Number of protein chains: 4
Amino acid sequence: MQHAKPLPAYLIQRFHGWRATSYQDNKAWFKRLAERGQHPRAMVISCCDSRVHVTSIFGADEGEFFIHRNVANLVPPYNPDGEYHGTSAAVEYAVRALKVAHVVVLGHSSCGGVKGCHDMCAGLAPELLEKSSFVGRWMDILRPGFERTADVADAEERVKAMEKQAVLISLENLMTFPFVRDAVENDHLTLHGLWTNTGEGELHQFDPAIGSFAAV
Amino acid sequence: MQHAKPLPAYLIQRFHGWRATSYQDNKAWFKRLAERGQHPRAMVISCCDSRVHVTSIFGADEGEFFIHRNVANLVPPYNPDGEYHGTSAAVEYAVRALKVAHVVVLGHSSCGGVKGCHDMCAGLAPELLEKSSFVGRWMDILRPGFERTADVADAEERVKAMEKQAVLISLENLMTFPFVRDAVENDHLTLHGLWTNTGEGELHQFDPAIGSFAAV
Amino acid sequence: MQHAKPLPAYLIQRFHGWRATSYQDNKAWFKRLAERGQHPRAMVISCCDSRVHVTSIFGADEGEFFIHRNVANLVPPYNPDGEYHGTSAAVEYAVRALKVAHVVVLGHSSCGGVKGCHDMCAGLAPELLEKSSFVGRWMDILRPGFERTADVADAEERVKAMEKQAVLISLENLMTFPFVRDAVENDHLTLHGLWTNTGEGELHQFDPAIGSFAAV
Amino acid sequence: MQHAKPLPAYLIQRFHGWRATSYQDNKAWFKRLAERGQHPRAMVISCCDSRVHVTSIFGADEGEFFIHRNVANLVPPYNPDGEYHGTSAAVEYAVRALKVAHVVVLGHSSCGGVKGCHDMCAGLAPELLEKSSFVGRWMDILRPGFERTADVADAEERVKAMEKQAVLISLENLMTFPFVRDAVENDHLTLHGLWTNTGEGELHQFDPAIGSFAAV
């Protein structure tokens, strides 16, 4: 792999700083995690967006959360066709191998992926319709979210509503996985739907009793 | 979505702690990131493993890294077949929309996904061979890494060698994406291969001059 | 400009070393910063003193901090009289054009400018009182810091107290700029007061709750 | 100063990392610099721009350069009127107190301040003409650079030419300071004019023999 380059010096400096402080102070825990394996309590599915740090907002230590991050925190429907399914593999590993007790889907404000899906469905982003657009095809998962928000006239409000649909559709798709449904029905797993407004530092969770999201 | 449950109280409590401290102190930055968008300098592809916190080891603030996490930090080869490809969508978004300057693939020690691939290829985990195994099919991406390490007799050593192959094969697969290759060849993107020993707090990077990984 | 001389050879040699290493490794980031502009998260106002390297102590990459350095890290009061005000121009550019989220004033130990102000106010440096002394007139900004430390008998201790006053007076003067005050009151900007003991490698920050500086 | 806020946690973490590594490894030098004072070899006047790290491109250690950074690396003409002159104070301190051997003015590509001056002079930025615009009034120093580049038709090329004029006009203004002129004429000080293209990693210096800048 002749294209690999050395890491920029400031990142190496920062790593050595971490090693001399956080690692040094917490070494026993790191060693135990390495020797006895991880036992995370929850899987979190969040966006790749650089503004969403699930370990920060939940004060998480190493070892607590098994975290999958993809564009727009989406889970596709169950489809065991023998092809590569990174998200489904992560869910399977978390639920069947690690036996996490919670799967949390965390959506967020100003999501570029959701905005792209809106624009694609609204006919404003033809390039995302091309077969070769990985982002476009991935965001197809959220197409039902565009349909369901048809009554939201304001485009900005509709994108925000679609960000929450991305959470709900992912939760629905999770339930199409037999091993997820079994675990949920046998009380071995609970699902949670969250949406965070990163600018305002707010966290909302889906409440099935009222059928919508409310601030925690 | 009637299956969603309220978040456990301790997580809500921690969130409020974060909101009263880190968010409060850094509110102006969060607001600016929300209003003016993210401009991350790098994409990091790391494992979902709960022991790997890239934001910690690199002292990263919100806004610095666009982070994709999947099982075993793998990138599949370029294959624009119109299906869902979460990893390829994340790479496309980072390189084409965000125009990150670096893509860093970060492997790690004691990777459960890599161990599974080893066992599957060695005939020790027949369940992973089934078409319906998402983890098995996802780990097929790493099969060439099993072949290339055939000369490593000790199984534990071979798994460790395969962890590094997971990084190298991902880097090779990244170069099969035309927009990645173009950006690399035009000096608009550099690729980096890292492997961290989480128990020992070590970071190794691939050095093409010597053809192997060396501690930073 | 017939007085310009060629750069000493050792600096040219060092530059070529940087170009062959750091620049080469980080070229994609430098190109992106050039093409897409800077988006620094913070402005830092520090002293010109050769012992204060803010990029080192905060492991900063190119693109992170907008840095203004002047004698004794001072900000004069708001005074839009149409004359040249280099510090005010830097603050205005950072807050209004770049919309930084933080302004950090970083004072330091053994500050020659602060020592000069002390000596001038104590009648020990008459040459600094002359109208033609740029350093003397610039240090006039810190005169209230001499008054406020009148109860510190030991001269060395008083100079150290004045170094911290230089930070506080600058923060107070920053708040006299209408656009700074607005941004602070609207939660788009936070101000921070730091003082570093360069010999001991210590960093102290001002805590308004206790009204003094404490080690981080 | 009730408006001061605590430093964001990631910066405190990075500082502790620096303290545990770079400071620890270089402690003797930091202590000596604190005890015996700074003896920098050169003053560098560069821009506040986050992309210009003079300590990086010249591999500078703590103690080597006395660095003044302002918008567009400008030096105003000598004007001892008793008002605050931050740049003039820095020059006076460097030349008279520290007796540096070199003053280096370092301009750079894509300078927002120079662009603003161009637009202001070309009638494209009326807001910069207002008396209350600190950036506008500061950039008045560069007005002669707009006149001198009148023959450059292309606006982008003219801005680049003005970036170099910012260096030359600063060098000319430096020579209006009697103590600078004396030191230069008595061979106690040399002046240097540089311009760096941050995206390309290039460094150019002014050569009076050819009357223009050439790559080092």
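Just so you know, glycine gets a Cβ as well, placed from its N, Cα and C.
The Zn(2+) binding site annotation in TrEMBL covers A:CYS47, A:ASP49, A:HIS108, A:CYS111.
Overlay of TrEMBL annotations on the structure.
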residue  : record              : CB count, 10 Å
A:CYS47  : Zn(2+) binding site : 28
A:ASP49  : Zn(2+) binding site : 27
A:HIS108 : Zn(2+) binding site : 24
A:CYS111 : Zn(2+) binding site : 25
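Other residues of the chain with a Cβ within 8 Å of the Cβ centroid of A:CYS47, A:ASP49, A:HIS108, A:CYS111, the Zn(2+) site, are A:SER46, A:CYS48, A:ARG51, A:VAL52, A:ALA72, A:ASN73, A:GLY107, A:SER109, A:SER110, A:GLY112, A:GLY113, A:VAL114, A:GLU163, A:THR198. Under the DSSP three-state reduction, A:CYS111 (Zn(2+) binding site) is assigned to coil, being neither helix nor strand. For the recorded site, A:ASP49 (Zn(2+) binding site), the DSSP three-state label reads coil. Listed binding-site residues A:CYS47, A:ASP49, A:HIS108, A:CYS111 compared with chain B at a CB cut-off under 8 A give A:ASP49 as the close ones.
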